[in-house]
């Protein structure tokens, strides 16, 4: 199957509708992908790239149906990775003497993959060109570490087509080839996901290389990528997007991700997110469980965010393995211009949060105060989690916020008596300075005991006052009671049995707090 691209250029690649894992299992390709190969018929016949090795035989058969293989004068390999040059062994078995134009680094990579050092390699560097007849040339532009050392782009004069390799692409399979034929929102989401998960570590190189290419003052009528769609409608839009994404990109967005053994850390995440929204309703907040959500989606959200909160239960005095794995990914991606903080619950020791803080600092994040809760957080501990969210919302705000109103009246100097072993600890590394979280300012670490029975507001609790579940927002109305749990209508909250469980989330009385009038309407 071939698709006409422009003038004497045809797409001869391969769609892969079924692939769901890329680079091993590192990249989830929920939309499939394509391996784009292009055949140019001018005075010389030129093949740009091949396809993934698993489609080698099919690719060569289809190519042979389109053109006499012996008439191919030149093969250009922009990238030696197997999803670009994977069919070379099958193809070169049919046309063994055909010259292969690639970078010097690509010769090593291709030889290492295919083990044919005798192939007719022609190394090129930036500015080298190849006359292909009819007044047209191919101009080569090295792009090392975008995203391999061997990478390059190829520009075709007169037709003004940039064969851009992995840059500007996306793992996105569609029956259409061009950007103006597909869903624009979905397309841009896949472009950003691709950039965030693959090219982010090389952002400084992206900026420098794009500026170098633009400095050539070459017209670009089309960007022909190695994966996904071809940009023919306003192709500069994706180039400008790359410049934006490469420039310490952030949106007014906060991402929380966590893993939890007993839902305690999840409860903290929910409460922190509630506190953020109370202070800054305009900020976008996303919460992910790393054990259940798509890793690449989480990484994309981290890329988009101004701030990240990472939570974990403590297991064997360290963080949960999936959180550790995610932090390793984040360290490698080298995100910049982002704030971060750790949180989590623990039992007898709380090593996870401290380790997360250290890893975030090592990854280049601007660290804010961390938060720990001992055992299952009760209503007062969750109130502190919400206050923690409020304080982070203020610290991380990208725009002026309304002046905060006091919420927590508990102080470290006059802490209530610990009734159930619930302890909230807030800590901050020395490099983060002194941060206020609704308690006296401090650096280092401190433990703040929290009583189960202390309401986090200054209002008195009336017998007929509704109670709000801080986890799922279900409201207990004393006038209605809860007949399914044998709580009769007219039963005040103080007389509801301690065995009561929230009908919405199944958690006990400790997560309820007096419901503000406006919230209960």
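The first residue you see is number 1, and the count goes up from there.
Glycine too: its Cβ is placed from the backbone N, Cα and C atoms.
Note that this is a predicted model, so its numbers are computed, not measured.
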- line: Checking Swiss-Prot, the member of 21, 166, 174 that binds Fe cation 2 with 83, 227 is 166
Field: Listed in Swiss-Prot for the Fe cation 1 site shared with 79, 81, 166, one of 147, 176
entry: 147
Query: Which whole-number value in Å describes the distance between the Cα atoms of residue 502 (Fe cation 3 binding site) and residue 260 (FMN binding site)?
result: 20
Message: List the residues in the vicinity of the Fe cation 3 site, defined as same-chain residues other than 469, 472, 502, 505 with C-beta within 8 angstroms of the site's C-beta centre.
response: 470, 471, 473, 474, 503, 504, 506, 507, 511
Cβ-centroid neighbours of Fe cation 1 site 79, 81, 147, 166, 8 Å, sequence order: 78, 83, 84, 146, 148, 151, 165, 226
- request: Please report the number of other Cβ atoms within 10 Å of the Cβ of residue 79 (Fe cation 1 binding site).
  value: 25
Task: Would you list, in sequence order, the binding-site residues among 79, 166, 352 whose CA lies within 10 Å of the CA of residue 227 (Fe cation 2 binding site)?
output: 166
Statement: Cα-Cα, residue 147 (Fe cation 1 binding site) versus residue 367 (FMN binding site), nearest Å, comes out at 29
